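Asker: Pulled these from TrEMBL:
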TRANSMEM  6-31  transmembrane segment
DOMAIN    24-273  domain 'G-protein coupled receptors family 1 profile'
TRANSMEM  43-61  transmembrane segment
TRANSMEM  81-103  transmembrane segment
TRANSMEM  123-141  transmembrane segment
TRANSMEM  180-211  transmembrane segment
TRANSMEM  223-244  transmembrane segment
TRANSMEM  256-275  transmembrane segment
Amino acid sequence: FNHTQIHLFLFAMVLMIFITSLMGNTLMIILIHVDPQLHMPMYFLLSQLSFMEMMLVSTIVPKMAANYLMDTRSISPTGCGVQIFLLLTLGGSECFLLTAMSYDHYVAICHPLCYPILMNQKLCLLVTSGSWLLGGIDGLMQAGATLSFPYCHSREINHFFCEAPSLVRLACADTTIFEFFMYVCCILMLLIPLSLILASYSLILAAVLCMRSAGTGKKAFKTCSSHLVVVGLFYGTIMFIYMRPKSNDSEDHDKVVSVFYTIFTPVLNPLIYSVRNKEVKGALRRWLE
């Protein structure tokens, strides 16, 4: 951003979205923690998603705001490495967590009698820990590899934060092996979880179509459609950034698309899950009373 009126308006809008995202996700975590009726695997996973989204937006916007208000456009190598590590860690963890949430919906709709056995507290903790661990490994490897390249010419990143593909473009070394490694990571972290999510919802759709009760089927479809909106926004934008052939002409498009998964998606998640969820709205009502 520069200090023109239109950019001042855009900066104010981003700041408002950031504050709304923090408040919405914090409220979601508090409601799930304090309301006994939300002490279920589905909402435990949702609280983890809200926590990841809070961290994701906090990794980007505060530094952007500080640069704008102090009229600087710099970031230290350490700060750049931390941003890349956190973004990849949170992005990878969210991929696996969304897969776990789709499995939770599948069990709840297709095998409701077995739900307490198939989705117990131990499994939820195991799935959540595994999501964080796999995301952390991916973030550590890719951040380390990105920062290991020599940057001997331009050090100006054409982006509003440090993102691995934008930084690698500036490296004065052959990055072919790293780009291949990044594609392999994307297949493991994006395509495999996405395939599992689509398989889960295909089975759910088949089960919903066979339901005799229209009310039950409508409720199941409504719950799953919310999750599919989140999955579509998150996976669509990340795959556009990390799995598309790189070119200098695409840098401006990358910046626009990155806004969606780093700033817009974290504010949409609590809205989607609260407005379309009777249990969450009921918990909010009880908490306010």
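Cβ coordinates come from backbone N, Cα and C, glycine included.
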Asker: Can you tell me which recorded stretch out of 123-141, 180-211, 223-244 has the most Cβ pairs within less than 8 Å of the transmembrane segment (43-61)?
Answerer: 123-141
Asker: Short question: most Cβ pairs under 8 Å with the transmembrane segment (6-31), which of 81-103, 180-211, 256-275?
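Answerer: Per the Cβ under 8 Å count, 256-275.
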Asker: Please work out the mean pLDDT for the residues of the domain 'G-protein coupled receptors family 1 profile' (24-273).
Answerer: 85
Asker: Where else in the chain does the transmembrane segment (180-211) make close Cβ contacts, counting only residues six or more beyond its ends and a cut-off under 8 Å?
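Answerer: For the transmembrane segment (180-211), the far contacts come to 91-92, 95-96, 98-99, 102-103, 105-106, 109-110, 134, 138, 141-142, 145, 164-165, 217, 220-221, 224, 228, 231, 235, 238-239, 242-243.
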